[in-house]
2 protein chains.
Amino acid sequence: MTDATAPGAPIEPSFDDVIAAISFNADGLVPAIAQAEGSGEILMMAWMNRDAVLETLRTGRVCYWSRSRKGLWRKGETSGQMQRLKDFRVDCDGDTLLVIVEQDGVACHTGRRSCFYRALRDGKLEIIQDVETDPSVLYGHTHK
Amino acid sequence: MTDATAPGAPIEPSFDDVIAAISFNADGLVPAIAQAEGSGEILMMAWMNRDAVLETLRTGRVCYWSRSRKGLWRKGETSGQMQRLKDFRVDCDGDTLLVIVEQDGVACHTGRRSCFYRALRDGKLEIIQDVETDPSVLYGHTHK
């Protein structure tokens with residue numbers, strides 16, 4: 001028989017003070033910036049609700065809230081491009097999160113490393129990053 | 001007499017295609033992540049409206065929209081901690097911006113380099129960055 005409250009049993013943190021430090025917006029969401037460990041590259045920005053924050057902290061795998069699908073979005077669940085949590089930060093007023101991650105493969109659904117692949121050049125937006133992985137490979141189908 | 005349409009006169013880009021690429025939310029705002037050039041450190045996240053984007057692009061000094069003051073927020077106008085625009089990027093679905101900046105002094109109103117100075121350590125949030133500049137110096141008054 002196991003007893004989670006037995007002396008010596010590992011105590012899982014409740015993360016209550018982390019949740020209390022976050023100002024979720026009127027929709028119960030908070031933006032989370034994902035930055036690659038090491039390179040420091042900004043990979044993407046997405047949203048989390050309370051459950052996504054808790055799942056991220058408990059599992060060490062980054063989980064967002066999909067506003068379009070209205071459900072938890074376990075990054076990499078479909079594409080395999082998982083994000084392993086390396087650090088979790090909260091900003092001064094608690095209304096933005098920063099997750100520092102080890103990114104498996106590419107972060108962007110277009111198959112590019114980062115979602116921020118368009119940059120201003122001579123007054124216009126230009127694509128500055130190549131596609132590294134064919135999106136049909138990421139999502140298991142072609143767009144024919 | 002000057003004539004902006006004279007041959008040889010510099011033509012200021014309209015930035016129309018940049019604006020068209022941005023999906024402003026129902027409030028007319030888009031989140032903008034500020035990253036330090038060189039170190040790659042994430043300094044802050046704030047919001048821009050169309051006018052703030054255009055002012056940032058035209059002046060090369062980062063301008064946000066203050067949701068609390070409901071006005072343009074020329075970063076550094078009060079504190080002197082200006083952000084000079086080094087690169088401007090738009091994400092894949094156009095609903096987040098990334099500005100790469102040269103930050104004068106500190107970015108955070110608490111006097112820390114970055115707003116993301118709280119990090120998860122042993123299940124709790126811990127302050128991982130020191131105050132570099134007394135906020136009373138930044139805002140010209142003390143909090144006595």
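Cβ atoms are placed via backbone N, Cα and C, with glycine included.
Just so you know, TrEMBL annotations are computer predictions that nobody has curated.
What TrEMBL lists as Mg(2+) binding site is B:ASP91, B:ASP93, B:ASP95. Counting Cβ atoms from all protein chains shown, B:ASP95 (Mg(2+) binding site) has 17 others lying within 10 Å of its own Cβ.
Here TrEMBL flags B:CYS92, B:CYS108, B:CYS115 as Zn(2+) binding site. Within the same chain, the residues at least 6 positions away from B:CYS115 (Zn(2+) binding site) whose Cβ sits under 8 Å from its Cβ are B:LEU43, B:MET44, B:MET45, B:ALA107, B:CYS108, listed in sequence order.
Across the domain 'Phosphoribosyl-AMP cyclohydrolase' (B:44-117), the DSSP tally of helix, strand and coil residues reads 10 helix, 29 strand, 35 coil. The annotation domain 'Phosphoribosyl-AMP cyclohydrolase' is assigned in TrEMBL to B:44-117.
The Cβ of B:ASP93 (Mg(2+) binding site) lies under 8 Å from the Cβ of B:SER23, each on the same chain and at least six residues away in sequence. The binding-site residues listed here are B:CYS92, B:CYS108; among them, B:CYS108 has the most other Cβ atoms within 10 Å of its own Cβ.
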